[in-house]
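In what follows, a single structure is set out as structure tokens and then discussed.
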Amino acid sequence: MLEGLGSPASPRAAASASVAGSSGPAACSPPSSSAPKSPESPAPRRGGVRASVPQKLAEMLSSQYGLIVFVAGLLLLLAWAVHAAGVSKSDLLCFLTALMLLQLLWMLWYVGRSSAHRRLFRLKDTHAGAGWLRGSITLFAVITVILGCLKIGYFIGFSECLSATEGVFPVTHSVHTLLQVYFLWGHAKDIIQSFKTLERFGVIHSVFTNLLLWANGVLNESKHQLNEHKERLITLGFGNITTVLDDHTPQCNCTPPTLCTAISHGIYYLYPFNIEYQILASTMLYVLWKNIGRKVDSHQHQKMQFKSDGVMVGAVLGLTVLAATIAVVVVYLIHIGRSKTKSESALIMFYLYAITLLMLMGAAGLAGIRIYRIDEKSLDESKNPARKLDSDLLVGTASGSWLISWGSILAILCAEDHPRYTWYNLPYSILAIVEKYIQNLFIFESIHREPEKLSEDIQTLRVVTVCNGNTMPLASSCPKSGGVARDEAPQGKDMPPAANGNVCMRESHDKEEEKQEESSWGGSPSPVRLPRFLQGNAKRKVLRNIAAFLFLCNISLWIPPAFGCRPEYDNGLEEIVFGFEPWIIVVNLAMPFSIFYRMHAAASLFEVYCKI
């Protein structure tokens, strides 16, 4: 008999889910080291091992299928980029359109089956598909649909010399975007427990389809940036560098020409939002893929709440940085490429701005790490695919910026001739490496911290015991945990069994027991180790100000490279040392990861802010 959609994988999972949904009082007793076996728990361990083999096999086969599709798509992208014989843009767009249509069929089937079984209980991963993440992807999706409309207008203007695939592709992409956002809003938290093999192939196909659409957007945007970069090199005096433009404009006239020019420029200004949408969609789908067939515990995720009180300092500083960033980008784009003097002054202005900002961000991150290290709390080490993916993406995408920075450092040290602006590039490149390292540490410290369970003003740890049929006012002071009540009470001489679910508190005067409970429950640290100005809610306010400031700074640092302010392209020194084509390849490969790092770090810092 087939399992219903999202039905529990085992009776124990169903029992845990029913306990999670109960409205009874949360148990406050520390977790027991030895709990009696539930009669509903799966007894044969060997059978459980056997059952996991097909799941692992299906996961491996689906991942290999996705990699094959991705590699094939990358080869098509590369062949079109280098003007390979026999490979046209129509071939690439046909391949991408076919992938999107196949994903559309799978999503429609999944949504239809979910609607047919909507009354059945479905397991959910409360950590996945956060509301702010779905809101962000919706915003980027709206801009992506606008981008598709501009592409349709571009196709209509050049319809005489463009193939039909260039008109079909943006229409399919817009429909794909709308349905995918609807799918992620309704099913990003699902833990699929039926048709698992088929669903693994469908979800992984969706992941790599979005990654190929991301790579296609990156390639188109990089070609546009590269053409502008080649034109700017002449003004800086680098006449010995090849400046042959890689032009893909249609060989016919567009009517009306003014409108077509505005559309073509608008397309490239919207590409950064499309790129962010595709990578966010692929990460959410990847978490859905990792959750297929997953056994979830009874621990429920603590809901994050956005609080704006007490963050005036961080918000004002961050908004000041954001305003300064917009001004710097506007001045940079106006002056770069106009003349040699204006280009050099624009580069120096950008480097001074970035050096100042990176130093402030590094100092803020170090202050946050110091507070966390003084305030010794236990870490949340529960398995969480969404949190693990966030950590891996932070480190992986930061490596793109590190690659460019190390290349710039090496070029500065090895160059024979050093223009004046290159010496500002050296501290900028070093700080770009150090700041990301510090910021990653701050984010890791924050997202792995246990949530606060006791007020900072309580200096005496209270050990929870379960009382028999006695209602006491102290029960309301029980620390509220994110977990759910356990069915078994801890066994001990001084802990009578629970009769009515009422709880009481008793103070422990045993120092060893107090230390042990403090380490397991994440109790408040000794007041001697925390400075007085960081006790109570002051610590949270400082951390929230740091998180708010870093959040706005990362948004600010996302803007310059996303909209064409890229000194790695424009200073020309690295191209002289490494050669034009090798350095351009390095920048084109690493820059998309560097841009995505800033947006992903901003998203992680927003989560940190809501968690503090």
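Every residue, even glycine, has its Cβ placed from backbone N, Cα and C.
Copied from TrEMBL, the annotated features are:
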- 1-40: compositional bias 'Low complexity' (COMPBIAS)
- 1-50: region 'Disordered' (REGION)
- 65-86: transmembrane segment (TRANSMEM)
- 92-111: transmembrane segment (TRANSMEM)
- 132-156: transmembrane segment (TRANSMEM)
- 268-289: transmembrane segment (TRANSMEM)
- 310-334: transmembrane segment (TRANSMEM)
- 346-372: transmembrane segment (TRANSMEM)
- 478-525: region 'Disordered' (REGION)
- 506-518: compositional bias 'Basic and acidic residues' (COMPBIAS)
- 542-564: transmembrane segment (TRANSMEM)
- 576-597: transmembrane segment (TRANSMEM)
Close approaches to the transmembrane segment (576-597) from elsewhere in its chain (Cβ under 8 angstroms; 6 or more beyond its ends): 214, 218, 222, 226, 238, 241-242, 272, 275-276, 279, 393-394, 396-401, 403-404, 407, 410-411, 414-415, 436, 558, 561-562, 566, 568-569
Other parts of the chain folded back onto the transmembrane segment (132-156), taken as Cβ under 8 Å at six or more residues beyond its ends: 162, 166-167, 169-171, 173-174, 177-178, 180-181, 184-185, 188, 259-260, 263-264, 266-267, 270-271, 273-274, 276-277, 280-281, 284, 603, 606-607, 610
Folded-back contacts onto the transmembrane segment (92-111), same chain, C-beta under 8 angstroms, at least six residues removed: 69, 72-73, 76-77, 80, 165-166, 168-169, 172-173, 175-176, 179-180, 182-183, 186-187, 199, 202, 205-206, 209, 212-213, 216
Non-local residues, at least 6 beyond the ends, that sit with Cβ under 8 Å of the transmembrane segment (65-86): 92, 95-96, 99, 201, 204-205, 207-209, 211-212, 215-216, 219, 223
Considering the transmembrane segment (310-334), which listed stretch of 268-289, 346-372, 542-564 counts the most C-beta pairs under 8 Å: 542-564
Tertiary contacts of the transmembrane segment (268-289) (same chain, 6+ residues out, Cβ under 8 Å): 62, 125, 128-129, 133, 136-137, 140-141, 143-144, 146-147, 150, 177, 180, 184, 187-188, 190, 192, 200, 203-204, 206-208, 210-211, 213-214, 217-218, 220-221, 224, 385-386, 389, 393, 562-563, 592, 595-596, 599
